[in-house]
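Working notes, beginning with the structure itself.
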């Protein structure tokens with residue numbers, strides 16, 4: 001009896017132990033599954049957090065460099081766009097023989113272009129490097145075999161000589177020494193007299209310096225205009241003029257003796273009549289005409305072929321309303337038939353005989369126009385503002401020339417003269433027609 005009771009008790013305890021073991025095992029399995037699921041969730045969450053971080057780090061390690069796009073512009077009168085500079089073009093100048101155009105930019109180069117290739121599809125140029133600096137102004141020498149540049153960081157003038165090689169290309173060599181630093185304010189223009197006798201530099205603090213070709217200062221002119229906005233040498237090489245805050249343009253004569261020695265700088269004449277400060281001015285090729293553009297909202301044409309030594313003042317020929325702004329530039333064609341005015345990024349062309357607006361070019365550059373020039377033959381108008389140089393056909397000039405020759409034909413008495421005028425009119429009209437009907441890219 002006791003044995004049976006002991007057996008039953010042992011059996012019950014064994015079953016109880018077995019039930020407890022099964023329950024514990026099941027709970028451990030559930031806990032393990034939960035732990036595994038939690039671990040999987042945690043890993044997935046960490047991967048989700050790491051993925052964008054890794055992607056972001058990858059993007060930071062390999063940034064995509066955005067290349068600045070060239071400003072696009074088109075117009076029926078656009079002859080070409082010169083695009084070799086990698087920086088903004090700050091200045092340009094035509095050689096006196098009409099064969100070359102020099103441009104400088106903040107890419108540390110001066111480039112020389114052939115005007116014969118303006119109408120070609122591809123525009124080759126020669127490059128002169130500006131060592132350890134960059135040029136903000138460039139001007140050709142009278143013989144077209146050298147140019148001078150104003151250095152942005154050096155605050156001085158550097159002379160470059162151009163040597164022609166057997167293959168027709170040029171090599172450029174800078175002078176051993178730059179001019180001494182003399183200006184205390186920003187320089188707004190430089191120039192070489194066509195006579196080859198002197199160099200001019202002008203700064204905003206009303207100071208103009210006259211140099212010899214070796215870098216010695218011959219004279220200093222104080223313009224008394226509060227600030228200078230523009231200054232230049234006349235194409236004849238006799239005069240230096242400046243404008244600024246005051247409503248007039250002041251002109252001086254740089255005098256040399258018969259032996260070529262410098263004598264003095266004397267006041268020649270003033271252009272008076274604007275009611276506000278003058279932005280800039282320009283001479284015709286023979287210096288007998290001048291054009292000005294002012295803050296008063298007009299451009300004016302002047303007859304400067306006067307006997308100023310007898311106190312004769314220039315004559316105002318025309319005053320025309322126009323759009324202008326701070327930094328506006330005016331260009332007068334060498335034959336004095338056309339005036340071009342820049343206003344911000346746009347250009348307007350006027351007839352000097354009628355004062356009528358002939359052409360408008362809007363948004364020529366992506367930035368403000370820095371220079372505006374006609375070529376020596378009055379065929380092209382060229383301007384700079386961004387990395388490109390725009391070359392326009394001077395259609396208003398052709399039209400004005402045709403009108404002038406037609407008027408001369410009516411008054412011509414000599415039969416030979418009539419035939420020559422008729423031939424010249426036909427040639428000019430043919431050129432104008434080809435310009436207006438030329439296919440554009």
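Positions of Cβ are set from backbone N, Cα and C atoms, glycine also.
Features of the protein shown, as given by TrEMBL:
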SIGNAL    1-25  signal peptide
REGION    33-71  region 'Disordered'
COMPBIAS  53-65  compositional bias 'Basic residues'
REPEAT    82-114  repeat 'WD'
REPEAT    180-214  repeat 'WD'
REPEAT    271-303  repeat 'WD'
COILED    395-438  coiled coil
* Structure fact -> In DSSP terms, the repeat 'WD' (180-214) comprises 0 helix, 16 strand, 19 coil
* To do: Please list, for the repeat 'WD' (82-114), how many residues fall into helix, strand and coil according to DSSP.
  => 0 helix, 19 strand, 14 coil
* Cβ-Cβ under 8 Å with the coiled coil (395-438): same-chain residues at least 6 beyond its ends -> 76-77, 333, 335, 337-338, 349-353, 358-359, 378-379
* Asked: Could you give the number of helix, strand and coil residues in the repeat 'WD' (271-303) as assigned by DSSP?
  -> 0 helix, 20 strand, 13 coil
